[in-house]
Amino acid sequence: MSSDSVKVAVRVRPFNQREKNANSKLVISMRGNATTITNPQNGETKTFAFDHSYWSHDGFKENETGVYIKEKESYADQRQVYNDLGQGVLDNAWQGYNAALFAYGQTGSGKSYSMVGYGPNKGIVPITCDELFKAIDKNTDKKKQMQVTFSMLEIYNEQVRDLLTPAKQQQKGGLKVRQHPKSGFYVDGLKSVPVRSYNEIERLMDQGTLSRTTAATNMNATSSRSHMVITIRFKQLYMNELGESTTKTSEVSLVDLAGSERADSTGAEGDRLKEGAAINQSLSTLGNVISALADLAMGKKKVMVPYRDSVLTKLLQSALGGNSRTIMIAALSPAAINYDETLSTLRYADRAKKIQNKAVINESPTERLIRELKEENNKLLAMLKAQGTGVKAVVKTEELERLLQENERQMQEAQLSWEQRLEEARKEWEKSHAQELHPEDLTWQHFPYLRNVNEDPHLSGVVKYALQNKEYVIGKPGNGVSIELHGLGIQPHHAVMCNTGQKVLIRPAVQQAKLLVNGVPLQKERTLTHLDRIMLGSSSLFLYVGFPSERAQHENLEQYDFEFFQTEFAEESGFHTNSLLTPREGHHDPNEDKSAMMMVLHEYMNLLPKIEEAKVMSQEMQKGVSFEPEVKNLAAHDEVGRDMKKEVIVKVTNEKTKQVWVWSKAKFINRKFLIEDMYTKWCNGESIAIDRHHDPFWDPVEDVFLGSCHLWLQSLAYKIETNDQLDIIDHHGREEAMIHIKMLPCDHTGKVLSDDSLVLDPAELIGHPLDFVFVIDHCMGVKWVRGNNLARGVYCGFRFFGQPDLITTKTMWGNSNAKFHFKKHFSIEKVTPEFHDYLQTHAIIIELWGTQVDPDSGSASSRPSSGSLADHTDEDPEVAELRRVLKRQTEECDHLRAAYQKAKKENFKLKQQVERHKNALELQKLDHQETIPHPVNSRVAHLQRDQHGGSHDSINSNSSTGSSHEPPPPKHPSTSLDAEIAKGLKVFFKDVRHVQRGLKNVKELGTTNSSADNGNVKSLFEEQQKALHDIDEQLNAAVSALKVTVTSVIKKKKQQTDPS
């Protein structure tokens, strides 16, 4: 017995097309056997040492046969990887040791390329098998017999599927994993096929790959979420030195693990349903096993290795810490957008190299093996006879019978000659795969055909459906279906394709069938063109290859891969890098890091197919829950207005109750695992009745972030009043509502200061007190409460100067025009330099939150507040009726109050016109007089603010004329000429902002009503004319007021410089 550490190698692939398009940054470097990863955000590096570090990122070229060959010495090709790793596996097999090689890494990192290869670039598995038979063929010892058997299985959702068994013969629920007292865990019923040449292994691998690809279209078992295990059993039978017939046995396991996407634990921590889905159990358990074995190797005592917690770890028990010599190859992505995943893979590999195995040579006399099997059978038979009755006895009896059957199978294999076993395998192959040997398999070379596209490039192009001159019905297996698909969202009759001899037509077979061509939904018949991309249901992807005359000689079909499809779908749905730039006021860097945007795009596109699958599963199980991906822009919560990090989130809506939840990406992925478990049970006819607290489609009601706006504090630094209406912007940059906010400088008693308190230099505030009143008056046009939905409400919240707690208004229910009437007095005892800087650079972020009521329990999502439905969920019916009457009367009062306010505004407009005429007359007088003009009423300068209900004191800065050499001092000596200009300009630009908002409303009015019929054109025109007239009046008033201010200042300046 020898003690061996697990040998670990890492390999980095080239950039893929998406990473090239994004000009991705390289974060991996290698020097000797050391691998270094660089954090793209801060430049920090981490270095890991392994047995081998393979640089396959660049330094190669493709020769005329398609094989990648070295251009630089640093490049590691497929043959070098085999020589270092695969040859060692083969050497161990010849010596009689068990051997294992498994590939680990995230989806798309190059695991399958290293293990299986692609095209002429063969991977470790086929090269190892080829070299094995080359060595067998060189054997000249006729007394030495060598036997090779081949098996291939797939593990998905904790179910084992034999990839060498035809689909119709597959056991429902998968094969069972059982434990033999001596040999350990095995798969009951797994087919082990005797082979005599590499060509036979190649044929079996093709069959298994085809079976795996076909299964990948069934539901959503894509290769990236399933493990593939190939097992080669190699026996050497020979006479030992004592003349005894001896058997030397080696079991070689070659494992291509599922994609190791790192779960964002911070995003899933808040999920009430902890991850427990079987689909993700194998990889998480494998990580736990490796960690436990690493702890044991470091001398830690009493460590429990959880082999039994998953099917995968049961089958890999001997490979990890047991009787095997094991090699792990970790596949790395080189791009910055995959930094977190790649770092996680490196840490995983670093733990694995600490594992210690104890391998032994499996060599025993053949007769002894048979004798031991017979003896064990006799013991099992005796135990069966001794079994009593009862449930436990029945279970024990079944287990003993299975062990007995397994022993008898092994005895029959040992007693059958090798030639007999080979002949039986040949007959079974010809019987079960007779149709596959038919010459019509190559019809796709002469006709248009559909070529499958899979997330794993190794499985793309495996399935081809030739389209001869006839009509084809695509759908679920059944009557009249020509091309059978089992994928999610596939209807019994899904689509119809017809080859007329000159063209190929396609159309949906039924209205509800989801059919996309080049990313665009197809509603009617269309003609396909060469290299069109087709999506059927939610996950069945095909490339249409046209007539032979349409094909180019050296056409690269591989460019239309899974990523190409997903990018096209995302762009057609309106999502692209430009949509990540949410319009926000504040500091926006036009040279925003493109890699950060590409990272979000990468996450978004990876999530798209998963969301489509979740949608279809919800529809088929009639759950009535929809899922929609969104990009959360953290700039909505940044007080400085920077363009912050974006996150992909999922909006979840119950279509029946209209409840809405927002899930993080990690939470959605966790829930999808649970949804898939539920869907699998539903497909198998099992009951999926479950209480809602364990239902992955349900959550308790929660508050939903609707949008926010930035109220910049710079005006407060000058003690200038703010009275404005701001747009509440959601994560998409769309307007959710409009909010009326006031920020009024005041004294310590709360009395609002006049304009005379203006500060020209904010530094004057330092060391002095500052008071102001913050008012959130009302919020208009809230889309969340559209239709005055009584089950929904809104409230506002904000923070000021680093306060940890959110300051909130009361919750207003069932009204899209929510009147908060919120007022809060802030008092700063002494303005510090820090607070001074805060006012100059920061904004108060007013967040609008939506609340909702659970229709089943009646509980509300937000904290109970005055007037909220949460206070009255269990009240008396008579009281409820009185409350409804009171609500109606309150609404009528609101309407009357609104009518009054409208009349008041119209009346005030008339007063404005009078004021303008007075001002015009005054300007005329100024042209003929040399005296200081009469003071101007500041209401003229504040016309627009008065329309919003603000009341302001007039600014009196009169001077009198006379024979005195010095004019009398002004009534407000603190107000200088510069201050008057500053105030005038401030008011002017404030009024111009209102004019701009009015123009925006006119534009939106035309856009909103663009679909109006001819009967509404006249009213629309009149409405626009009135709006433009109002804007004209506002602009004239602003310009007039500015003229008055400037003229007044000029006259005063002249009076001071020329007293005569």
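Every residue, even glycine, has its Cβ placed from backbone N, Cα and C.
Residues annotated as ATP binding site in TrEMBL: GLY105, GLN106, THR107, GLY108, SER109, GLY110, LYS111, SER112. The coiled coil annotation in TrEMBL covers 393-428, 879-931. Taken from TrEMBL, the feature region 'Disordered' covers 855-878, 943-977. Per TrEMBL, compositional bias 'Low complexity' is recorded for 855-868, 952-965.
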Residues near LYS111 (ATP binding site) in space but at least six apart in sequence (CB under 8 A): ALA103, TYR104, GLY105, ASP256, LEU257, ILE329, ALA331
Site of maximum Cβ density within 10 Å, from binding-site residues GLY105, GLY108, GLY110: GLY105
Residue, out of the binding-site residues THR107, SER109, whose Cβ gathers the largest set of other Cβ atoms within 10 Å: SER109
CB contacts for SER112 (ATP binding site) [other CB atoms within 10 A, all chains]: 24
The coiled coil (393-428) [mean pLDDT, rounded to integer]: 60
GLN106 (ATP binding site): tally of other CB atoms within 10 A of its CB: 22
